[in-house]
Amino acid sequence: MSERESWHKEIDLFLVAMGYFTRIPMPKWVEVDSDKLNKASRYFGLVGLLVGLLSAIVFWLTQNWLPAGVSVLLAMLVGVLLTGGFHEDGLADTFDGFGGGWTAEDKLRIMKDSRLGSYGALALILALLLKWQLLVELALYDPVVAGSALIVAHTVSRVVSASIIFSEKYVRDDETSKSKPLSQHQGINELLILIASGVLVLLFLKGLAALSLLLVMIGLRRLIIVIFRRQIGGYTGDTLGAAQQIAEIVCYFVLLVVGNIL
């Protein structure tokens with residue numbers, strides 16, 4: 001394969017990842033199949049970087065003319081519109097299943113139900129409120145830090161979520177599941193590129209903030225995996241969405257705490 005063909009292949013995989021995780025239209029020449037979607041996992045972090053960057057731009061463009069709370073809300077709205085609430089939906093389904101089911105089978109069945117339950121509604125409301133409040137506090141501390149936090153959190157949280165695919169068992173047997181192709185064998189190249197995207201955005205941060213966030217994310221990933229194993233024996237697409245949302249919120253927490261210390 002020539003260098004040009006290799007670059008074309010990587011761009012193609014990035015666009016597949018973008019089409020899977022966002023509502024951004026893909027070019028007509030991009031063809032999606034299970035094999036491409038499987039390999040596209042390497043670029044999930046970069047998709048997060050794109051979503052975070054666009055959200056941050058909206059925040060930076062509006063924060064001089066609008067109250068911090070409104071600018072943050074607009075930035076969050078952009079993120080939701082870009083992804084179609086994909087991860088938020090996973091968070092709600094996961095909490096409905098984990099909160100309402102007694103056995104792993106019950107939990108998986110509830111998670112597949114499209115109706116929103118009380119556990120899911122509470123989780124969704126609290127998650128959105130936490131994100132808004134934490135970002136407002138970061139904006140009042142320093143607007144540049146708040147915008148950078150959006151970029152970092154959207155990227156790192158997706159790296160944490162996608163990395164679960166590489167070590168854990170996919171527990172749904174449904175062949176029609178959108179997440180099924182992701183559950184197939186993942187290569188070392190996918191993992192290394194995924195991790196590299198997370199390391200890349202840490203350059204936005206000062207040394208202590210970057211190190212603190214890295215250590216917390218490693219610990220959080222381990223905790224999430226332990227919970228998923230105990231609840232359903234592995235992961236599903238919904239739980240990956242929940243992992244992303246939780247990791248994003250924790251990112252804001254860490255950056256706010258470290259920012260107040262520095």
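Heads up, the Cβ atoms here are built off N, Cα and C, so glycines get one too.
As recorded in Swiss-Prot, the features of this protein are as follows:
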{"type": "TRANSMEM", "residues": "43-63", "note": "transmembrane segment"}
{"type": "TRANSMEM", "residues": "66-86", "note": "transmembrane segment"}
{"type": "TRANSMEM", "residues": "120-140", "note": "transmembrane segment"}
{"type": "TRANSMEM", "residues": "146-166", "note": "transmembrane segment"}
{"type": "TRANSMEM", "residues": "191-211", "note": "transmembrane segment"}
{"type": "TRANSMEM", "residues": "242-262", "note": "transmembrane segment"}
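Sequence-distant contacts of the transmembrane segment (191-211) (same chain, six or more residues past either end, CB-CB distance under 8 Å): 41-46, 48-49, 148, 151-152, 155-156, 159-160, 162-163, 166, 217, 254-255, 258-259, 261-262. Through the fold, the transmembrane segment (120-140) approaches residues 59, 63, 68-69, 71-73, 75-76, 88, 91-96, 146, 149-150, 245, 248-249, 252-253, 255-256, 259 of its own chain, all at least 6 residues removed from its boundaries and within a Cβ separation under 8 Å. Sequence-distant contacts of the transmembrane segment (242-262), counting only residues of its own chain at least 6 positions beyond either end whose CB sits under 8 Å from a CB of the stretch, comprise 87-88, 90-91, 93-95, 127, 130-131, 134-135, 137-138, 141-142, 145, 149, 152-154, 156-158, 160-161, 164, 205-206, 208-209, 212-213, 216-217, 220-221, 224, 228, 235.
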